[in-house]
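I have placed the structure first, in the form of structure tokens, so that the comments after it can refer back to it.
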Amino acid sequence: MRIAGRLAVGAVAAGLIVMAGAAAPAARAATVTGTGSPAVAAPAATGTAKQAVAKPGAVTPAVTAGPLAAVRARWAEIAVAATGKDLWSRSSVSKRPMGSVTKVMTAYVVLTTPKLNLNRVITVPAAVVNYDEEFDASTAGLRPGEKLTTLQLLYAMMLPSGCDAAFTLATAYGPGFNGFIAKMNATAHKLGLNKTHFTDPAGLPNPGQYSTYSTVHDLVNLGRDAMKLKTLATVVGTRSYHVAATSAHRAHTWKNLNPLLAMYKGALGIKTGYTGAAGQCLLFEAKRGTKTFIGVVLDSSNDISNITAASKDAAVLLNWAFSK
């Protein structure tokens, strides 16, 4: 299986998931039609010293009884979305790879660009082919030479977890790949994500499995900031997005790989992730009544075929939080 399943696959067979507290999809999760052993050394440009990244198996689950005993993720946190108050966490400050959850930062950097024009037309670069093939990456089916808007590329990146779209946005908004990575790390510092580091806009193992990393606490805070952006919240809450064919690009239909949108009442988003080192991951947010909670689970399973593991963990955490 390609990293198509790896980076994003916490999610594909959503219809097979049975969750406690599951209900009909949230109303906002609508179909939209588009217009138009490791010690990790940070790149020298950042000046960051080597960072130790927690290995799988290094954590023993702290909860052995009660409803949260069912959470299999080795690293997890759930918090109040409005305030960031941590309700429960497991190894919240251990540095871990997180696969395509990285794309939340990529979207955030793009959407906070000064004088951003979401209708800016960007050409998919030829280099995207080698990028995708080198890592056997998940794609949105983009072809070099296609011209799409920034908004369309955000949907292509966040719904089907298109690494081709992430690469295209990064090269356009860096400008250049390295320039964009520098912006990602500068933004992490600005947001106070002091145990987070990026080397790839898609979360690919580039150059190594542990090169891009964060903590569940940092990721919850990133998610809180990201979901304050109206465009991003709309994108990650969309179930399916269609772009009709034009002279500039082919027709595309992108479906959201996040199963919580279909299977959990009040789910709002935001991003799945998987690599061999990261395991099954999910950054998630849900609202019921006046309560909104945000959380993340990392390494719910290191089995690539266990595509529902992170979603089940998220449901357990959300059910517990909403019951309080």
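Using N, Cα and C of the backbone, Cβ positions are placed for all residues, glycine too.
The signal peptide annotation in TrEMBL covers 1-29.
Positions annotated as domain 'Peptidase S11 D-alanyl-D-alanine carboxypeptidase A N-terminal' by TrEMBL: 70-301.
Among the features that TrEMBL reports, active site, acyl-ester intermediate is placed at SER100.
Under the heading active site, proton acceptor, TrEMBL lists LYS103. In the three-state DSSP assignment, the secondary structure recorded for LYS103 (active site, proton acceptor) is helix.
According to TrEMBL, the active site annotation covers SER161. Its Cβ taken as reference, SER161 (active site) is surrounded by 36 other Cβ atoms within 10 Å in the chains shown. Annotation note: SER161 (active site) sits in a coil segment as assigned by DSSP.
The Cβ of LYS271 (substrate binding site) has SER100, VAL101, LYS103, VAL104, MET158, SER161, VAL236, ASN258, LEU282, LEU283 as same-chain neighbours under 8 Å, each 6 or more residues away in sequence. TrEMBL lists LYS271 with the feature substrate binding site.
On the 0 to 100 pLDDT scale, the model's mean across the domain 'Peptidase S11 D-alanyl-D-alanine carboxypeptidase A N-terminal' (70-301) is 98.
Cβ crowding, taken as the number of other Cβ atoms within 10 Å, peaks at SER100 among the active-site residues SER100, LYS103.
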